[in-house]
Every structure is written in C-alpha cells, then in structure tokens.
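Taken from TrEMBL, the feature transmembrane segment covers 52-71, 83-102, 140-158, 164-187, 240-264, 331-350, 362-380, 392-417, 423-442.
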Amino acid sequence: MTEPNNTEYVVLGEASSPRLEKFQKVSIAPLVFLIFYEVSGGPFGVEDSVQAAGPLLALIGFLVFPFIWSIPEALITAEMSTMFPENGGYVVWVSSALGPYWGFQQGWMKWLSGVIDNALYPVLFLDYLKSAVPALGSGFPRVAAILALTLALTYMNYRGLTIVGWVAILLGVFSLLPFVFMGLVAIPKLEPSRWFVIDLGNVDWGLYLNTLFWNLNYWDSISTLAGEVENPSKTLPKALFYAVILVVCGYFFPILIGTGAIPLNRELWSDGYFSDIAKILGGVWLRLWIQGASALSNMGMFVAEMSSDSFQLLGMAERGMLPEFFGKRSCYGTPLAGILFSASGVILLSWLTFQEIVAAENFLYCFGMIMEFIAFVKLRMEYPGAPRPYKIPVGIAGAILICIPPTLLILVVLAFASLKVTAISIITVILGLALQPCLMYAGKKRWFRFSENSDLADIHFTYHERNAP
C-alpha cells in the first residue's frame, strides 16, 4: 500500500496538481491534542454522571467504559487508519469492504453527525460567557456572536491543520491545568469514604449511559485526516494510545477530587458544577480559571471537529464520491469547499437545543459505527494478508469479539432515543440513500465533474497483486 506522501489532489481549472509535500504534516504532539479535542476537551460535561448515579458508579464508569467502547474503537481506528493512510478515513474503510454506495452512506451519516455535534460549541461557549455579558443570552446579540465566533474559528481551520494542532495543544494545557491546581489544594480535604457512596435504587440509567457515551466516543474522527499525518503508520497508533490515557485521566481525577473533597449533593452535580467546586476549594480566581477553560475548550473542540469533517469531504472527492471541487485545496493545503460546507451546516443547526443536538448526533453516529465494525471484520476475513502496519494482535474470532460489547452498547443508546429523534434520524438516513444515486446521475449528465485520484491505493488490486503466483 502506497504512502500518501506522493498523493496528488485535484485543483479545478489548473493543468497541474501541486504535491502534498509542500504542506507541513501533523506531528505526534499536535495529533494527540487533536484527538483529545475530538473526543473530550476536558472534564466539562461529566458532572451529570455523578447526579445520575452517585460517586462510585461515576468513577467506575469512567474506568470501565473505556474498555467497552473507547479502547476497541481506538484500536480499530489505529489498524484501519494505517491500512488506509489517506483522507476520508472510515469512508474508505466501508467503501473497500462494502462498496462505494455504502461508503457514501457512511460519509453522509458521519459528516452530518460531526456537523450537528459542532453546532454545540459556539452555543456552549456563549452560555459560559452570558453570566458576564447578559446580552449574549438571547436575541440579535447572541445570533451575531454565534456567527462571528463560527467565522473566526472557521478561518483558523482555513489557515492550516498545523496551526489548528498547535492551538489545540495550548488550549488543552490551559483547560487541564486548573484541575491540577484544584487537586493540589483539595488534598487536605479529601475523605475517601465519599468515593464509595452508592444508591442503586436511585440511578438514572439513561442519563448515566448517555453521559458516558457522549464523553468517550469519536475516536475514529482522526482517521479522516490520516493523509495529513507525518509517518501515519507509526504516529497514529502512538497518538491514539497517548490520547486514551489523557482523556481517561482528564475525566477520572477531576471527579475523584470533586466527590472526595466536598460533601455530596447529587442535585448540584450538573454542567458547570466544577467551577463551584473550584470556588469552594481555591477561591474566586480558580473558579474564573475553570470557567475560562470551559469556554476555550469549546473552541478547541470546534476547530478539531471541523478539521475532521472537512478533510472527510476532501477524501470522498479524491475517491470520486463527491464532485471534484470538494478536492480543491487552499494555498494552505486545507479543503476549502469542505470547510465552507461544514461551517454552513454549523450555522444552520445552531438554533437547535442542546438536548436535540446531542440526541440527533448520537443516533447518526451509532449507525455509522455499526458499519465501521462490519467493515473491520469483513476486511479481516476477506483480506487477511493485506498490508496492516499496525494490526490488533487477534485473529478473526478476536476481531469479532472486540466489536460485540460496543455494538451492544450502541443498541442500548438507540433504545433510549425519543420517537421524535428516531423519526428525524431515519428520514436523514433515507435522504442519504437517495442522494448518492442523484449525485451519480448528475455526474453522468456532466452537471458536476467527478475525478478519482489514481494515486490512491485500491485494496482489491493491492491484495491480489501481492498474492499473485
């Protein structure tokens, strides 16, 4: 399988296509924090797990859940991304296993899920600021602020993935550092007995599971920009490994500090409660730092998510699934059309409520993950000898077993979806089923130009060539 370093991309209206070597690749440190922000962004939003189930189950959840969901998803992402080290990620995996039609469906559902998810962050950013600036709570000032913030962060994505990666590092350090200080000042006040409080008769299992799932998914998002990574066969698996540790520790220890240092009142454990804990333990200055970190964390999650969404569209264009103008890059190497489409989707969806956004993106995300698991197992069965620079050290039976726990979890999450969310999500899926044939028809009629990059590896050709007598 060829490395993406010599891949060309399509530029409309130009006879020649510049080489990707001219654009700087992403190294391991920025990549770790890009993954961190695509998955987590810090412990903001985990408070509901304590409200739903109490300290003990919350702590157990953030230790056990990664083994059920996060680690299997990260391992599969590492193997498949090194098998297909190109932009498009899971779209390419599903296309190679199930064909381009289902690859397009995967791209449609995961891109829409990502854009819906990204619509949260400008809204949440303003929610943290409206206590200081009440005018941002509603009306024209709020709408204008959402537009201005979306445009500013979109421009950051336009300027290059390397800039996004280093910004993610700075924001990540700023977001996690106040919890280190909070932990230090909390040591004299810790009472370990508070960690073992449990009341199985008073557990909101729906809120508990949704909070865990919301905070520990999206490990596969980094695969959509694998073609931009420096030496992806080695860098991606290492970055995923470090990011898993960073994310789990970034959740577990703040909950450990918060539940152990102050008396338990489950009703108070909701979004933003860590800032109240910070004031109790360290004073107003620590509370302000936590609130600032919370707001800036949303910026980090926005730019990381938009990077994945836009490079996914570029990868689909390079595979001939979308019109070739989606493969056009800016002078900074960024996917111009992909960024514009993703930003437009964020603006259109920003009027939805937090609960509606979370429920809708979770539903579509679950559908996409089921297709990824099928593609992973099928490629293991049909192409066992295909090049895999990183391979999970299990056979076919082990590959199937890895996928069973997260699949069962997906079914549970889908079961908790409301009728309204289920209906809207199914309509969206049906729209994608019809959209792909319409695009192909438009290509035949020459309404749009489609161009498949000949430099990209074909697993079928590569495998049969390697196994030819």
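Each Cβ is built from the backbone N, Cα and C atoms, and glycine gets one as well.
Bear in mind that the values here come from a model prediction, so they are computed numbers and not experimental data.
Proximity of the transmembrane segment (83-102) to the transmembrane segment (331-350) is not established, fewer than 3 Cβ-Cβ distances being under 8 Å for residue pairs spaced 6 or more apart. For the transmembrane segment (423-442), the most Cβ-contacting stretch among 52-71, 240-264, 331-350, 362-380, 392-417 is 362-380 (pairs under 8 Å). If you count C-beta pairs under 8 angstroms between the transmembrane segment (140-158) and each of 240-264, 331-350, 392-417, the highest count goes to 331-350. Distant neighbours of the transmembrane segment (164-187): 26-27, 29-31, 33-34, 36-37, 41-44, 156-157, 250, 253-254, 257, 260-261, 274, 277-278, 281-282, 286, 289-290, 292-294, 296-297, 299-300, 303-304, 307; these residues of the same chain sit at least 6 beyond its ends, with a Cβ under 8 Å from one of its Cβ atoms. Within its own chain, the transmembrane segment (331-350) is flanked in space by residues 20, 22-24, 111-112, 114-116, 118-119, 122-123, 146-147, 150-151, 154, 157-161, 228, 306, 309-314, 325, 357, which lie at least six positions past its ends and keep a Cβ under 8 Å from the stretch.
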